[in-house]
């Protein structure tokens, strides 16, 4: 019957897994031993990144109740951590990709992965330093300044996404441009990679420039300044604060509110 065949297939799969699992685990142990330092460094920076992101998120949510001492402390720790990692690998291939230069030598596959992972994590941590400085600068602000803080943090985030998308390019460019595979093959794979990378970066470039334009006084991600006619049509009374409009903003939904009210809202 079909049920007996299914049981037989499951038993065969279980037997195959039982046979191959010890060998797979053995290979994994050997792989970890060969890349022991890189393995533990990757775990360490990932753990630090996870904890740092959690602390920064909590401080951002506190708004005016942020603790300056905590912000200064984590900023110093972030700077020391990033500087320490790059100092430990000052003779490695980590620095050149940061300025969009390919490594001097063709990196082995796992080394290329390591370089990309470390640089990506350190760049994210560096962006956290910038965000901490912004949070300290805008610590006791509200209204228009609070909106500007949000726009600055958004700009930093979109620039980070764009830079992170470009960061692996020098490493993979050098990896694919390997003449040992033949000039035609290496040129073809390199060209295909750069084409794929370009198409994936276009959207991030657009998002970055959109957030950059949002810093202007006439364009916001939630609307624009309302004209006197639009204010008169809305009744010149803010529905949030129940007072006369002050620096009215016309939202995309066509409602008009005070700029400070919208920023806090």
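Here, residue 1 is simply the first one shown, and the rest follow in order.
Every residue, even glycine, has its Cβ placed from backbone N, Cα and C.
The feature domain 'RING-type' is assigned by TrEMBL to 238-265. A mean pLDDT of 68 is what the model gives for the domain 'RING-type' (238-265).
Positions annotated as transmembrane segment by TrEMBL: 20-47 (among others).
Annotation source TrEMBL lists transmembrane segment at 68-89 (among others). Non-local neighbours of the transmembrane segment (68-89) in the same chain are 41, 45, 48, 52, 55-56, 59, 95, 118, 122, 125-126, 128-129, 132-133, 135-136, 139; each lies 6+ residues outside the stretch with a CB under 8 Å from one of its CB atoms.
Long-range contacts of the transmembrane segment (109-134) within its own chain (CB-CB distance under 8 A, at least 6 residues past either end) are made by residues 35, 38, 41-42, 45-46, 48-49, 52-53, 56, 59-60, 71, 74-75, 78-79, 81-82, 85-86, 89, 92-94, 97-98, 103, 149, 152-153, 156-157, 160, 163-164, 167-168, 171-172, 175. Feature annotation from TrEMBL assigns transmembrane segment to 109-134 (among others).
Using a Cβ-Cβ cut-off under 8 Å and counting only residues 6 or more beyond its ends in the same chain, the transmembrane segment (155-175) has close neighbours at 93, 96-98, 100-103, 105-107, 109, 112, 115-116, 119-120, 123-124, 127, 130-131, 134, 190, 193-194, 197, 200-201, 204-205, 207-208, 210-212, 214-215. Under the heading transmembrane segment, TrEMBL lists 155-175 (among others).
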